[in-house]
Amino acid sequence: MLDPRLFRSDLEQVVQQLQRRGFQFDAVAYQALEDRRKGVQVKTQELQNERNTRSKAIGQAKAKGEDVQPLLDQVADLGDQLKAAEAELNDIQNQLSVLLEGIPNILDATVPAGKSDADNQEVSRWGEPRQFTFTPKDHVDLGEPLGMNFELGAKIASARFVVLAGKLATLQRAIIQLMLNTHINEHGYQETYVPFLANADSLRGTGQLPKFEADLFTVKNDPTFYLIPTAEVPVTNIVRDVIVEAKQMPLKFVCHSPCFRSEAGAYGSDVRGMIRQHQFEKVELVQIVTPETSAQAHEELTAHAETILQKLNLPYRKVLLCAGDTGFSSSKTYDLEVWLPGQQKYREISSCSNFKDFQARRLQARWRNPETGKPELVHTLNGSGLAAGRTLIAVMENYQNEDGSITVPEALRPYLGGIEKIQ
RNA sequence: GGAGAGAUGGCCGAGAGGCCGAAGGCGCUCCCCUGCUAAGGGAGUAUGUGCCAAAAGCGCAUCGAGGGUUCGAAUCCCUCUCUCUCCGCCA
């Protein structure tokens, strides 16, 4: 959520900034609603003040043993007026918050213009795509003989689910272990274990609700639960309604979790294989930082994710998302795209975002600034470090041999009992 | 799942319709005194939000959440959530 005060003080600027995303903000309708809000709120508060004052007078008169009937007569119709004003104000504020919750974050000044992923800006490349002496297979063809079974996934649940058996399942677990250990031991993150179902308040806090409910799986329950689409949701909500002491900052959490996405609107895309599943494993990095350090933290967090790709010796590129491709809650996002020989393409394997105070305002996540002594909104960041399912694919495709076996990357061997090859 | 108890500021805890945004204690911050490892005295110490460019100021809201009764609710009523104790079930 954006700062409502920003809308009041600099509406024109906000409209322009949102336009960079292609988001048309109806400033006229907003202004009309805001004008009503101001009028009704002031009136309501005046009525409340009057009620409080008069009630106090009644109490004092009664204590002195005076006749309070005349005073009671004076406030006879105050209650109804107040009730009506409060109801109207409540209605207006609901409308306003619906409006505000549907508005995306303001983009960072460094985000390039553009409409789609075609306009994203490549920042750097690391590693050289391997030259194969044979035609490389994709992970589906490689995986099926090794225990990757999509029919079973469909039987047990539906399309877009998979069953991994044997060494492939172990390989994915090894990948997760490497990621966790690296981020904990080398990058200073604290490991967390969290609920994989979250309530509506939590989803609202990180920005998935109310706008993106269709992307979530819901659990029939009262109240409704949602399967987490990413560990970002439960982990970032650790600081919801919290005032963090300055000496505890920055908070750095790493969390392995399954992620569940309905992939509504993704029909027909990436239907083959494990690229786009309803359930996948991910290791997520979350940082809660002070505002002036968030840009720096964003670079660092992205580098932490890159470390994993480097340890696995997987070629990748780092891309700065353009205005039109940057997610709703983010002000700036780097994607890491890994080289997939089976597709002859770089594909997203990590997305690292600086949300600045956008999530923090929804979450009321704050820190106490020692300079002012006041609670101020924190900045939140997160990034995949990395998506484990896609990392599995990348390892399989990049490390495949002509006979269909897969060489285990050096960095993973300690987690696989030292074996060098999966076949 | 059943029965009972509870939820008040950073923490403990009083509060039982008006004098309560809330006693007292602890903690913390600042000042004073004292001087030797500890003590004494004083002041301050919630959050959100409206009017305002901002500050100041003046309001409004908040005692788990939501609703109700009342001129007036931390206090009375209803619903829900969470915590604790006991029983049952269970990885």
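Glycine is treated like the rest: Cβ placed from N, Cα and C.
Whatever TrEMBL says is automated annotation, not expert-curated.
TrEMBL lists A:Thr230, A:Ala231, A:Glu232, A:Glu284, A:Ser384 with the feature L-serine binding site. Here TrEMBL flags A:Arg261, A:Ser262, A:Glu263, A:Glu348, A:Ile349, A:Ser350, A:Ser351 as ATP binding site. The feature coiled coil is assigned by TrEMBL to A:75-102. Per TrEMBL, the feature domain 'Aminoacyl-transfer RNA synthetases class-II family profile' maps to A:171-409.
Remark: A:Ser384 (L-serine binding site) has A:Thr230, A:Lys282, A:Val283, A:Glu284, A:Leu285, A:Ala305, A:Ile349, A:Ser350, A:Ser351, A:Cys352 as non-local neighbours, by Cβ distance under 8 Å and separation of at least 6 in sequence.
The 10 Å shell around the Cβ of A:Glu348 (ATP binding site) contains 16 further Cβ atoms across the protein chains shown.
Same-chain neighbours of the L-serine site beyond A:Thr230, A:Ala231, A:Glu232, A:Glu284, A:Ser384, judged by a C-beta within 8 angstroms of the site's C-beta center, are, in sequence order, A:Val233, A:Val235, A:Cys255, A:Ser257, A:Cys259, A:Lys282, A:Val283, A:Leu285, A:Val286, A:Asn382, A:Gly383. The secondary structure of A:Glu232 (L-serine binding site), as reduced to three states from DSSP, is helical. Confidence across the coiled coil (A:75-102), taken as the mean pLDDT and rounded to a whole number, stands at 88. In the three-state DSSP classification, A:Arg261 (ATP binding site) falls within coil.
Here A:Glu232 (L-serine binding site) is positioned 17 angstrom away from A:Ser262 (ATP binding site), judged by their C-alpha atoms. Sequence-distant contacts of A:Ala231 (L-serine binding site), defined as residues of its own chain at least six apart whose C-beta falls under 8 angstroms from its C-beta, comprise A:Val194, A:Cys255, A:His256, A:Ser257, A:Cys259, A:Lys282, A:Glu284, A:Val286. Across the fold, the C-alpha of A:Glu263 (ATP binding site) and the C-alpha of A:Glu232 (L-serine binding site) stand 18 Å from each other. Figure note: comparing Cβ neighbours within 10 Å for the binding-site residues A:Glu232, A:Glu263, the maximum is reached by A:Glu232. If you take the C-beta of A:Arg261 (ATP binding site) and look for same-chain residues 6 or more apart in sequence within under 8 angstroms, you find A:Asp215, A:Leu216, A:Phe217, A:Pro229, A:His278. Of all the binding-site residues given, namely A:Thr230, A:Ser262, A:Ser350, A:Ser351, the one with the smallest number of surrounding CB atoms inside 10 A is A:Ser262.
Fewest other C-beta atoms within 10 angstroms, among the binding-site residues A:Glu284, A:Ile349, are seen around A:Ile349.
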